[in-house]
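> Below is a structure I'd like to ask you about.
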Amino acid sequence: MSDTTGTNSSEKVLYCSFCGKSQHEVKKLIAGPSVFICDECIDLCTDIIQEEIAKLPKEEGDESLPTPHEIRGNLDQYVIGQEHAKKTLAVAVYNHYKRLQYLPKPKKEKLDKDGKPVEASDKKESKLPAKAIVDGVELAKSNILLIGPTGSGKTLLAQTLARMLDVPFVMADATTLTEAGYVGEDVENIIQKLLQACDYNVEKAQRGIVYIDEIDKISRKSDNPSITRDVSGEGVQQALLKLVEGTMASVPPQGGRKHPNQDFLQVDTTNILFICGGAFDGLEKVIQQRTAKTGIGFNATVPGKDERGVSDLLIEVEPEDLIKFGLIPELIGRLPVVATLAQLDEEALIQILTEPKNALVKQYQALLTMEGSELEVRREALSAIAKKAIARKTGARGLRSILEGSLMDVMYDLPSLKNVQKVVIDESSIAEGGKPLLVYKQDLDQPDMSKKA
């Protein structure tokens, strides 16, 4: 007779066609045409499908785009101050990704009977850049130029935007770029890094963000075109033109140098958002010369001393100032959105130390918590740290080195010390270079030993 298990001898035991478990080992067994699947296999398949869907590039209508107010609100959590720059960036990024929603969807590749992709009959048409068209109006992208002193938050703004929008993001250093054919990095290496950031998913890379830092360091050396070849200055600006505007960049599939017999990945840069940032040290003097009132003759106005600060001058920047600084007009025209960042004052630096989600004081508090101790930084100490950073002219970047220097001895000794409850940084620890206070636990046999470390 047939195999049976159970109370009824005529009952046939059913098994999952995928994992082989019997109907008695699982909660539910669902029947199909001559096959069965259990609830455990269904859960596993659901997880696999969700992971695969998460890896796919988001298509139109998949997710609502955050409004400029929401984008700025997210930036406020990580970046202190710079209200004008945040508002400018929020509008530019919102318009850019709203424009991407109107791009034609990529056509799926046709496969032959062996599963291999069939080449398009019209190769020229297949390589045309995708353009966003709404009611017959073609929408062009607006790349962004960030101008501000060092340590004012240019890079952090770009990083926060990319993290919020969940798009591929890459940072490039303009000082390492040279013209094609010379020792150094070609501008197309930037796109190669973007591809690496998204595991060579071309569709995803074509919607990414590229941040080119130190763009002011590739300015040409004078107002007039040089008679000698400037391969790391004006030459790089010329090479960046088509990449920033939009072109089909040929990128080696797995990096390395190009050679004639190599297959290339074609990446359309038309819909990649380029953000260029630089300190532009000395630009304020160019603006000051342009805005100063001068005259000739007995009734001429004698220009007085301009008391405006760097931040006030940078707000008045015009394309002609950037050209005089050394950027070529063609590149300036391809960076239509200009956002200036203000120089950080003492109050802003104190806020940077304590308020953002990943504030510097919170980071060191977390480090000391791992050793079983607390960290207290008094208000006077915060003010002293901010004043020291302003004196060094390093902006927010100088805050970490000052705080690190103050805590160096404590972090060296703390793992070897026992029963340290709290570390206190006061004004003397910063201004005079004194060591922080160590507060020991009170429930020990020894008395309160609050003293200098």
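Every residue gets a Cβ built from N, Cα and C, even glycine.
Here Swiss-Prot flags CYS16, CYS19, CYS38, CYS41 as Zn(2+) binding site. As annotated by Swiss-Prot, ATP binding site applies to PRO149, THR150, GLY151, SER152, GLY153, LYS154, THR155, LEU156, with the evidence given as sequence analysis. What Swiss-Prot lists as domain 'ClpX-type ZB' is 4-57, and the listing cites sequence analysis.
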> Three states by DSSP: which one describes CYS38 (Zn(2+) binding site)?
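Going by the DSSP assignment, CYS38 (Zn(2+) binding site) falls within a strand, counted as strand.
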> When the number of other CB atoms within 10 A of each residue's CB is tallied over all shown chains, which of the binding-site residues PRO149, GLY151, GLY153 has the maximum?
GLY153
> Within 10 Å of the Cβ of LEU156 (ATP binding site), how many other Cβ atoms can you find? Include all protein chains, please.
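The Cβ of LEU156 (ATP binding site) has 19 Cβ neighbours within 10 Å.
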> Can you give me the Cα-Cα distance between LEU156 (ATP binding site) and CYS38 (Zn(2+) binding site) in Å, rounded to a whole number?
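Per the Cα atoms, LEU156 (ATP binding site) and CYS38 (Zn(2+) binding site) stand 49 Å apart.
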> What residue among the binding-site residues CYS16, CYS19, CYS38, CYS41 has the most other CB atoms lying within 10 A of its CB?
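Highest number of other Cβ atoms within 10 Å: CYS38.
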> Round to a whole number and give the Cα-to-Cα distance in Å for the pair CYS41 (Zn(2+) binding site) and GLY151 (ATP binding site).
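The separation of the Cα atoms works out to 53 Å.
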> Using the recorded Zn(2+) site (CYS16, CYS19, CYS38, CYS41) as reference, state which further residues of the same chain have their Cβ within 8 Å of the centre of those residues' Cβ atoms, listed in sequence order.
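Going along the sequence, the neighbours appear as SER17, PHE18, GLY20, LYS21, VAL26, LEU29, PHE36, ILE37, ASP39, GLU40, ILE42.
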> Could you tally the C-beta atoms, other than its own, that fall within 10 angstroms of the C-beta of LYS154 (ATP binding site)?
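The Cβ of LYS154 (ATP binding site) has 26 Cβ neighbours within 10 Å.
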> Including all protein chains displayed, how many Cβ atoms other than that of THR155 (ATP binding site) lie within 10 Å of its Cβ?
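There are 16 such Cβ atoms around THR155 (ATP binding site).
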> For CYS19 (Zn(2+) binding site), find which of the binding-site residues THR150, GLY151, GLY153 come within 10 Å, Cα to Cα.
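Matched binding-site residues: none.
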